[in-house]
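Take a look at the structure below.
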């Protein structure tokens, strides 16, 4: 029996022992060393050969990732680690650090209970470190810290033991400041990364060594020894004395929770159902014999097996051949194969129980974030939808070069939308021109070149990237009448800006899109009031959609309840295209103040009510001082001081605003905010301006008003592009 086969047998046994399972992720800023760390953990556990680790990047098993040298999709693997004479099952997920792939990070966080946050000793805490930490804490995932690339502080920056400790303390303090700011109230103190108890490790993933304070005490290695090993180029010996996988996995087992502990506080956070119900209690207890409840965290497309769903189970168990029910898509499915992940391979097992991460085939309609349960005990409601900190901000139009490829292209686009819910796909079968919206240039490039070109074998023409704008209002409209085509139904409404605190709660995911078919639910009302909406309005909200809401302030109109669903549909159609450039509207509250309907139901059907509301909403928005909003990115540039002026000039030339500047040694850090529309070609330009000596990163920072002097020009460009008549 080979080493891997033994490992599989051990995994099967340990899957049933909850206190010996750790579901953990590795997350960090791009290039801080996540995948190298993952590989060396796998090598230490005997999953891949030690010689290949680091170069092999076992988790970067997609050709595109290997070519770019960055992790694009989150990969999963299960392995066994022995600690204090006991064996533990570690389910490990490696997540991408590149800002364009933030969606994968969000989805991975739903599957795990703890995370090793990797931070580069040279660069320190970077914007993406903060973003992944925010995602983790929002999902109640407990963090521990690994400070990587310590050898560079010694060999390149020549730091003394005192300076080394100073640098570590600064990074730890910054991470703890973020944890204090963003952690759930009850964990603000408990979850701080404390060096003494061993919640922080230091080392070099590339050279395969790490230490922590408890490990130093056990092994007698000091900071001075580490400096000697690095300076004398004996990091191999150091790796024998302080192996990376032992230190990191010991830290994970000691400080990260097992599924039993974690589900007690994670379930109420991600599931809003009745905690006293059978299934509620079963999930909190992580009961393998309870009703089935799980969430799909990722869809992986395998050339042979088709769509594979990575799934975290919170309750019950899945066996091969079980009938399943997908709550979001309201579809039945069957578990054709049940397996565990071993990097790029999957190993079939007879069944998987609560607290584990597994691979399922047969869920054809599943999307990332889908709730899985049994058809005999449907989980109502499903799990909270996955909210991302970024939004798609760039769109490209693509067309198949060959018309015969059209049906296949449409199929692939639908598949991409299922796999990655940060991609928006609009399929236009009439014109053959399809729109893909993504998080940034790289995200779009990977979709068009890799997913469509390489995997799908379809040649496509890709249009120029288009920036996604939004529209909102700055004033209140007069009372507007929306009339049905037959003139027998009239609805009166006012458009006004949504309360700032309520819109902020929407952006943070505290309130979300929802139609209240009969009346506002108690839970929905409570959340709206908490967000700052007046109680009287909160209990009259009919629908929240794309960051807009409609509130029914009428009284005693009998037919209104019958027409409620049609009014909601008309409202949605009304805010899909704004008056300035037919871009989506956000941040608008429509107050319905009066209505008259024809007595005869035949004369107040969908063909009458929907257009009446749609025209009314559009007219009200047009008369409430509409403005264009453009997507912004926070841009961080880390550059030698000699090039600081060039870096700032590059930002200023792109309508950017410098928000903050810091000096650190001979490096300058420039923090700025730049419109996405001005960011095309930035990578090449900033490298040229600083002769390739700078590090830079961007992340989406929301929408802001387009400067008044530019608005007419931009609106005209968008209208011309869409073939709309100029206003």
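Including glycine, each Cβ sits where the backbone N, Cα and C put it.
Feature annotations, courtesy of Swiss-Prot:
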{"type": "DOMAIN", "residues": "19-260", "note": "domain 'tr-type G'"}
{"type": "BINDING", "residues": "28-35, 94-98, 148-151", "note": "GTP binding site"}
{"type": "MOD_RES", "residues": "603", "note": "diphthamide"}
- Query: At the level of the C-alpha atoms, what whole-angstrom distance separates the residue listed as 'diphthamide' and residue 28 (GTP binding site)?
  - Reply: 59
- Message: I'd like the number of other C-beta atoms within 10 A of the C-beta of residue 150 (GTP binding site), please.
- Response: 28
- Message: At a 10 Å cut-off from the C-beta of the residue listed as 'diphthamide', count the other C-beta atoms across all protein chains.
- Response: 15
- Message: Please give me the CB contact count at 10 A for residue 28 (GTP binding site), counting all chains in the structure.
- Response: 29
